[in-house]
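What TrEMBL says about this one:
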type: BINDING; residues: E69, H72, L109, E170, R175, Q187; note: chlorophyll a binding site
type: BINDING; residues: R74, E132, L139; note: chlorophyll b binding site
Amino acid sequence: MVGDRGFDPLGLGKPTEYLQYDFDSLDQNLAKNDVGELLGVITDSGELQPTPLQPYTEVFGLQRFRECELIHGRWAMLGTLGAIAVEALTGVAWQDAGKVELVEGSSYLGQPLPFSLTTLIWIEVIVIGYIEYQRNAELDPVKRLYPGGYFDPLGLASDPGKLENLQLAEIKHARLAMVAFLIFGIQAAFTGKGPISFVATFNQ
């Protein structure tokens, strides 16, 4: 797969193997019954099944890990950019954004919204739930990760020669963003500051 380097110290990406054994000896007159012999090994194919809510035959399969990595990476890229941009525009650190919403009401970049916080939560649950259902209804492993269409308005993926480079760049940036947001979380837990205010302390 694009971007894979074989770094898997826990062996989570290995194909799942199932061992098939013969029946154990069940003679009650014997002091010890023989264990059934190994008949063969079955390796999971990793193919998607026609079940929208549970398309993978193996929960810890490599294809599913790859999909989760890319989806989490995309959220991390949005979250990392959002944490920096919102703090720069409003002065509120990302970990304190919820407190502001609870005290001052729902707002976006300092501008009040005509919805209550409860309404916004329900809107988010319904919209994201619908999007995730539609994504899981797709059984093509490539289209599940790279749907194209409305998600590629500039047609950047139309050139097969550039497609692999774009996919490689995306997964690299996704991994970097996940590490960056992990650092944001550790930094907020120990210092209580956002990324911009924390960097600003070095100039004092």
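Each residue, glycine too, has its Cβ placed from N, Cα and C.
Whatever TrEMBL says is automated annotation, not expert-curated.
Bear in mind that the values here come from a model prediction, so they are computed numbers and not experimental data.
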Other CB atoms, at most 10 A from the CB of H72 (chlorophyll a binding site): 15
Using Cα positions only, nearest of the binding-site residues to Q187 (chlorophyll a binding site) (R74, E132, L139): R74
Rounded inter-Cα distance in Å - E132 (chlorophyll b binding site), H72 (chlorophyll a binding site): 13
Rounded distance in angstrom between the Cα atoms of E69 (chlorophyll a binding site) and L139 (chlorophyll b binding site): 18
All-chain count of other Cβ atoms within 10 Å of R74 (chlorophyll b binding site): 17
C-alpha spacing of L139 (chlorophyll b binding site) relative to H72 (chlorophyll a binding site), in angstrom: 19
Euclidean distance between Cα atoms of E170 (chlorophyll a binding site) and R74 (chlorophyll b binding site), Å: 8
Distance [Cα-Cα, Å, rounded] between L139 (chlorophyll b binding site) and E170 (chlorophyll a binding site): 22
Residues that sit under 8 angstroms from E170 (chlorophyll a binding site) by C-beta distance, when 6+ apart in the chain: L70, G73, R74
Cβ neighbour count (within 10 Å, all chains shown) around Q187 (chlorophyll a binding site): 17
